[in-house]
């Protein structure tokens, strides 16, 4: 059995986990930075300072709760990209320091791969499988062929889906993060009232574009007095629009996989936006594949997914040198 201590500091969550190859989570400590909610978005400098302030305490707490010592660990893993460079440096340097002192292997984890693979901690999802990664910083389709081996089928040409949710929420006067509030208000709204543009729909390929939807919402806000019901109807119409786009793109992704002679049975939808229950249900109803969603706490950023990905990479003997530099931009294809 292998056991890993993992660190996640790529954005505004400071998290530490201890995970083993028997699929047991021995400890998980996470601190979300409330400061960014007051400011309407993540401030990179504030985020990195908070990581420096809290990370060592979370590591100490996780080790104590696991009833292990550093000598009991088989490796130390950290999210080393992509993400905000300040946070990546804090987490990666701390993990490398522990690895050096404890004389344990260091594993640099790609944040995107961690989102893609965490489902295998919970379910018997076998390679190859289709991945839709929808989060605050990323929106892309991938075929996961194996650990460290991916084919990107498409991605956003402008904003990520999470950014679109947050920016639309801000236009409507809602607080950050906007996704949960849009989902809540949409339940009271009429999703057919406003016809928002479905960019890229009915076109070949798997790319996305969400800038036109934002512009359409901005125009609605300027035209209407935006009563409480108007806000609810915009939220509902926005979610309907997004679900139509995702369904269209998924169909194309399946076709692209077939054209590559890759048989896909399992479809994993992950990332922060995958916690949206409306989108989950729409995709479940219309996609004829085995669909898997991580639980909500594993859709958003966490260290459990980093630890499990560390386990998967350790089992392949994918070890990284202690001079590995964090990468704010890191394509999963080149992993």
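The first residue you see is number 1, and the count goes up from there.
Positions of Cβ are set from backbone N, Cα and C atoms, glycine also.
The structure displayed is predicted, hence computed values, not measured ones.
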Request  = Could you look at 276, 277, 288, 290 and say which one Swiss-Prot places alongside 133, 134, 135, 136, 137, 166, 179 in the substrate site?
outcome  = 276
Inquiry  = Can you find which of 301, 320 Swiss-Prot lists as binding Fe cation at the same site as 111, 115?
reply    = 301
Query = CA-CA, which of the binding-site residues 111, 115, 301 lies nearest residue 166 (substrate binding site)?
reply = 301
Task = Could you check the binding-site residues 111, 115 and say which one's CB has the fewest neighbouring CB atoms inside 10 Å?
result = 111
Ask   = How many Å lie between the Cα of residue 137 (substrate binding site) and the Cα of residue 115 (Fe cation binding site)?
value = 12
Ask   = Tell me which residues of the chain lie with their Cβ under 8 angstroms from that of residue 133 (substrate binding site), as long as they are six or more apart in sequence?
value = 112, 115, 116, 139, 140, 141, 142, 270, 271
Query = When you average the Cβ positions of 111, 115, 301 for the Fe cation site, which other residues in that chain have a Cβ within 8 Å of that mean position?
reply = 8, 10, 79, 112, 114, 135, 271, 302, 305, 306
